[in-house]
Amino acid sequence: MERRELCASLLAGGAAGMSVDLILFPLDTIKTRLQSPLGFSKSGGFRGIYAGVPSTAVGSFPNAAAFFVTYESAKRFLGSDSSYLSPIIHMAAAFLGELVACLIRVPSEVIKQRAQVSPSSTTYQMLSVTLREEGIKGLYRGYKSTVLREIPFSLVQFPLWEFLKNLWSWKQGRAVDCWQSAVCGAFAGGFAAAVTTPLDVAKTRIMLAKAGSGVANGNVLFALHEIWRTQGIMGLFAGVIPRMTMISLGGFIFLGAYDKVRSSLL
């Protein structure tokens, strides 16, 4: 990838990611509290819906930038003229992008979610408590579950987004506009969000679990089994509506803004 393309992907991805995370933060807080083992009301209800936003503000730009730089680089490296291989290339690029991005995302996500369900505590207090009680390892609690959530999500979202853009482009006989890319992103994101909600619930429970508990060990299958045993199908899909709404809107803003900013920089 040329230096100009690299910079364009970095800036476009970072700007798009920060915009989405900050605009939709209240919906993310509501979703997290619905998924909390304490329940929605005890986790804060509708109070302090911006609790944990400093963690997001710090982590969202480098997280999204890392994903898109890796994603675009991998697409270029793995590029093929065969249309049949395109979905596989997009999946592989998304997989690599998530592995890199999660190294930045997880510490930010851990502190953010703990602050979201403890609105009386500040982000700095949550960071201090986590480091004091669990060390650096505590910041990466749920790394495996986050990767196991994000990779299936991206394997659905990004190939579907690229497919819808290509289909729309073929139908109208020209490249899609940025708003059309955004619409494709909304559909792709909403669908991917719905089918991966159980993994998102498991990830939230692992990150919020008390140190030393069975769920806190990071075993996703154990967490899913516990949720199913205690709450059934409703527990596995807790927060699915705000998650779908948030990610559909996020897909519209994020992928539309990414294409717009990147094209304007190239």
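Positions of Cβ are set from backbone N, Cα and C atoms, glycine also.
Just so it is clear, the model here is predicted, and its values are computed rather than measured.
When the repeat 'Solcar 1' (4-77) is classified with DSSP, helix, strand and coil residues number 56 helix, 0 strand, 18 coil. As annotated by Swiss-Prot, repeat 'Solcar 1' applies to 4-77.
Positions annotated as repeat 'Solcar 2' by Swiss-Prot: 85-167. The predicted model assigns the repeat 'Solcar 2' (85-167) a mean pLDDT of 87.
Per Swiss-Prot, repeat 'Solcar 3' is recorded for 176-264.
Per Swiss-Prot, transmembrane segment is recorded for 5-25 (among others), and the stated evidence type is sequence analysis. Same-chain residues lying 6+ beyond the ends of the transmembrane segment (5-25) with a Cβ under 8 Å from its Cβ atoms: 49-50, 53, 56-57, 60-69, 71-73, 246, 249-250, 253-255, 257-262, 265-266.
A Cβ distance under 8 Å defines the sequence-distant neighbours of the transmembrane segment (49-69), meaning residues of its chain 6+ beyond its ends; these are 6, 9-18, 20-22, 25-26, 29-30, 97-98, 100-101, 103-105, 107-109, 111-116, 118-119, 121, 123-124, 126-127, 254, 258. What Swiss-Prot lists as transmembrane segment is 49-69 (among others).
Packing against the transmembrane segment (84-104) from elsewhere in the chain are residues 59, 62-64, 66-68, 70-72, 74-75, 78, 143, 146-147, 150-151, 154-155, 157-159, 162-163, 166: each is 6 or more residues past its ends and has a CB under 8 Å from a CB in it. According to Swiss-Prot, the feature transmembrane segment maps to 84-104 (among others), an assignment based on sequence analysis.
Marked as transmembrane segment by Swiss-Prot: 141-161 (among others). Counting residues 6+ beyond its ends, the transmembrane segment (141-161) has Cβ neighbours under 8 Å at 71, 86-87, 90-91, 93-95, 97-99, 101-102, 105-106, 109-110, 134, 181, 184-185, 187-189, 191-193, 195-196, 199-200, 202-203, 206-207, 216, 218, 220, 223, 251, 255 in the same chain.
Taken from Swiss-Prot, the feature transmembrane segment applies to 181-201 (among others).
Summarising the annotation, Swiss-Prot assigns transmembrane segment to 237-257 (among others). Under 8 Å from some Cβ of the transmembrane segment (237-257) lie the Cβ atoms of residues 12, 15-17, 19-20, 23-24, 27-28, 30-32, 34-35, 64, 157, 161, 178-179, 181-190, 192-194, 197-198, 200-201, 231, all in the same chain and six or more residues away from its ends.
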Checked against DSSP, the composition of the repeat 'Solcar 2' (85-167) is 72 helix, 0 strand, 11 coil
What parts of the chain pack near the transmembrane segment (181-201), using Cβ distances under 8 Å and only residues at least 6 beyond its ends? 35, 145, 148-149, 152-154, 156-158, 160-161, 164-165, 168, 220, 224, 227, 235-240, 243-244, 246-257, 259
